[in-house]
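One structure is given below, encoded as structure tokens.
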Amino acid sequence: MQSKLIRSIVYWVILSPLVVVILFPFGVMFVTAVRPRDELFVFPPTWWFSEFRWGNFAEMWVKTSFGQALLNSVYVSVMSTLLALALSIPAAYALSRYRFPGKGAYRTFLLMTQMMSPIVLVLGLFRLMVALGMVNNLNSLVLTYAAFNMAFTIWMLQSYFNTIPRDLEEAAWIDGATHFSSLIRIFLPLAVPAMAVTGIFSFINAWNEFVLALTMIRSSDDFTLPVQIYSQVAGRYQVEWHHVMAGTVLATVPVAIVFSWLQKYLIRGMALGAVK
Amino acid sequence: MPALPAPNVHDGSEMTSFSGLKPLAMILPGLFLAMFIIGYPVADLAYTSLQEVSRFGKLQGFAGFANFAEVFSDPLFWSSLYRTAIWTVCVVAGTLLLSLPIAIMLNEDFYGRGLARVIIMLPWAISLTMTAVVWRWTLNGRSGLLNATLMDVGIIAEPIEWLAEAQLAFTVEILVGILVSIPFTTTIFLGGLSSMPQESYEASMVDGATRWDQFIHITLPLMKPFINIAIVLNVIYVFNSLPIIWVMTEGGPANGTDILVTYLYKLAFRFGQLGKAAAISLIMFGVLLAFTILYVMLVSRGDRQPEEVEEG
């Protein structure tokens, strides 16, 4: 007991510089978001401020058309996640349950596309969307996010599907159920948690994506949140930092909470599948 | 592995007759989308890189390797390449050096471990863009709260312009890069540590080994595959990472913090030099492919034993 206490103190002391550096920007974010505007550029700089201006959030919402960007982000993240899941669930099931020719090559293909970064292809992707007439169209992001996320979702789903015992399905076949009905009635209900977790991570990936959104979307009505907040900062002479920070608080905190809550599933899925 | 169950009857009869076309039909729709969205741009980049391209994106005819020649004679390409190497090596090395001890601590039982885990994983939950935006304000040369803090504590007397000078800005960006890479890397290491055989530690304790001996002779060798994977994955992610540098300095001042991706992005979408940008994209694609193949080799080496048993 004694040694655990000592170890706890030593570890926290060692970790404390990192903890401070991680929490520092969160402090900055909150303190700036609720600051009165005329206390932003004080000199010498100080953490102190005279009052909590919760009105900053409402003001920011209207002035930066935050609501529209939020809707755009929700649309793109939900649609790309649904598309990725719709295509990944059968693929992951096939990987987990069947042998088929080219399975090894397919797994290699998945691993490789998982590593493929949009930024290296961004010019080609832009030209593709020009050719399809989809520049400035949120669906261009739905398609690309789904395509780039799919390798990850298939891996995650497959590694979870492998943990669902085949015996249950096989027992149903013996009882005369068709493969299709055993899939629907027995397998899918057991797989719901895996699909939910995978879907949420796919959602977060899409929610946080920057480069493609910056490239494909040109008009501010169609900006997603990261681009909308970036546009408040980039190339402006006067940046309304209290609005920017209020925006980052609203855009990041809910997602961060969900992520922290579900992180152990991500770690488990990675341990089971992708990183073995 | 003797403990694994023999393939059951259904695997022999129903599964094979069943598994001819159906599994292929199940993977094909997704495969088509991925091939299209990833394959088309690669082909298009390869084609464009060999064309002369006007400022308005019109292809003007075959140009051979002129775009590549232009890239290789461009001093900004070489300085960006050099900085990409520094950026990648520093961020990856810094991340690994910090993440291994962090993972070892988080793997042990101590008061508040759950909280420590959540805090250390926090940067992973936030998009790089938002992190970079917040740091840009935190580091503001006049009113940034980092200056406020350092002045309050008495470390500096005058505010520092963190992002105004390239060398300092680049150093700060590397530090932010390390910070955001720690959670993922720590996660990989935690996965590795949780599979460590406890007996070897206990045995070595009996033999009077110190914790340092244990680290050098047991932990490090057993962790080697995980360290390899962490290195390769981090190299891939960091080498490609645009948001931190783009949001904090846009590669400036005076191209002083440009790495290949920021330079490529400027060429393509600011300066309209599509041929050159396509050539750089292809070069980067080649590098990425090389590291990806390395990763696939590492992963399939680690995964072979159970896989062979399962698939016969």
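From the backbone N, Cα and C atoms, a Cβ is placed for every residue, glycine too.
Quick caveat, the model's predicted, so the values are computed rather than measured.
The domain 'ABC transmembrane type-1' annotation in TrEMBL covers B:81-295. Annotated transmembrane segment per TrEMBL: B:24-47, B:84-106, B:118-137, B:168-190, B:226-248, B:277-298, in sequence order.
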Check: Going through B:24-47, B:84-106, B:118-137, B:168-190 one by one, which has the most CB pairs that fall under 8 Å from the transmembrane segment (B:277-298)?
Finding: B:24-47
Check: Considering pairs 6 or more residues apart, do the transmembrane segment (B:226-248) and the transmembrane segment (B:24-47) have at least three CB pairs under 8 Å?
Finding: no
Note to self: Should anything in the same chain at least six residues away from the transmembrane segment (B:168-190) have a Cβ under 8 Å from its Cβ atoms, list it; otherwise answer none.
What the structure shows: 83, 86-87, 90-92, 94-96, 98-100, 102-104, 106-107, 120-124, 128, 131-132, 135, 139, 160-162, 223, 226-227, 229-230, 233-234, 237-238, 241, 244-245, 248-249, 253, 256-257
